[in-house]
Amino acid sequence: MTPDDAFETSDAEADALARCFAMLAIRAGALAMEIFAAPQIESRMKGDSSPVTEADERVEEFLLSELERALPGVPRLAEESAARGARLRESDAFLLIDPVDGTREFLARSPEFTINVALAEKGAPRIGAVYAPAQERLWFAGARGFETRAAPGGALPAAQDFQPLRARRRPADGLVALVSKSHLDPETKEFLAREPVARSLAIGSSLKFCLLARGEADVYPRFGPTMEWDTAAGDAVLRAAGGATLTPNGAPLLYGKSGQGYRNGPFIAWADPASISSSATLP
Ligand SMILES: Nc1ncnc2c1ncn2[C@@H]1O[C@H](COP(=O)(O)O)[C@@H](OP(=O)(O)O)[C@H]1O
Ligand SMILES: [Mg+2]
């Protein structure tokens, strides 16, 4: 793949790249776990009042240099570089890197943090890998989505140990909803009150998308702010498993929103998008 034809990735190429992202995330996981296991984790606050640790910085540096080798010239949008003012060259295809999603959970020594690598093409998340090193769980998707178990710094398991991902049909006895552990806003609470929610679980990071993709939950409403790098890899995994991430007017969440600084607006990620009525997405 070259930067000019990146947006024409074939299904086979997308699956191969998904495995490449997965392998990089596993290697990056060893760096994150070294810091996670240290007696003390240093952190500082960024401009958006979110924390950053040495793990965010080391993992991002590793992923950026490995991705430049794997996909030379493909523009890269990464959380910590963007916080330092790095600009993305406009392109139909670009990489999105969130070295630690759920930094608050990481600091609280919760295993609900993930390493995220994605490729967006023509505004959609095409390829993604989400790795939760403290849980040794990995999800990745190109044309097809899979989950497997992998130890930080270890090898990607053989294909016979990949479980295909398939989001579930809407259950008749009420929805399982997933919400942020650290950022639950009033609009999300209103959404949960409007929908037939049987159970609502607070989970950190992009794991929420992966739990939808593996058929464990039905909806993840997010009305508070997120950035494109927070959602791209998990969204790629969910879409490959048959789910969808929609804006409140029912359109798929778009990637490459340079005009809004790569911020996502509100979205609702659904396991079974065919089952929702239009009233379910309107505010
Ligand atoms: N005010 C804000 N502006 C932008 N993004 C925010 C934000 N508050 C929370 N987020 C995003 O929400 C992510 C955490 O999601 P969750 O609450 O579902 O675990 C954070 O990811 P990071 O941990 O990578 O910074 C951060 O990007
Ligand atoms: Mg992050």
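These residue numbers are counts, starting from 1, taken along the chain as shown.
A Cβ is built for glycine as well, from the same backbone N, Cα and C atoms used for every other residue.
Note that the coordinates shown come from a computational prediction; the quantities given were computed from them, not determined experimentally.
Copied over from TrEMBL:
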- Glu79, Asp98, Val100: Mg(2+) 1 binding site (BINDING)
- Glu79, Val100, Asp101, Gly102, Thr103, Asp230: substrate binding site (BINDING)
- Asp98, Asp101, Asp230: Mg(2+) 2 binding site (BINDING)
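When secondary structure is read from DSSP and collapsed to three states, Val100 (Mg(2+) 1 binding site) falls in the strand class. If you take the Cα of Asp230 (substrate binding site) and the Cα of Glu79 (Mg(2+) 1 binding site), they are about 9 angstrom apart, rounded to a whole number.
A straight line from the CA of Glu79 (Mg(2+) 1 binding site) to the CA of Asp101 (substrate binding site) spans 9 Å.
A Cβ distance below 6 Å to any atom of ligand 2 is met, among the binding-site residues Glu79, Asp98, Val100, Asp101, Gly102, Asp230, by Glu79, Asp98, Val100, Asp101. The number of other CB atoms found within 10 A of the CB of Val100 (Mg(2+) 1 binding site), across every protein chain shown, is 30. Applying an 8 A CB threshold to same-chain residues 6+ apart, the list for Thr103 (substrate binding site) reads Ser43, Ser50, Pro51, Val52, Thr53, Asp56, Phe113.
Sorting the binding-site residues Glu79, Asp98, Asp101, Asp230 by the number of other Cβ atoms within 10 Å puts Asp98 first. Counting every protein chain shown, the Cβ of Gly102 (substrate binding site) has 26 other Cβ atoms within 10 Å. In three-state terms derived from DSSP, Asp230 (substrate binding site) belongs to a helical segment. What surrounds the Mg(2+) 2 site, by Cβ distance within 8 Å of the Cβ centroid and not counting Asp98, Asp101, Asp230, is the set Glu79, Val100, Gly102, Thr114, Asn116, Ser205, Ser206, Thr226, Met227, Trp229, Thr231, Ala233 from the same chain.
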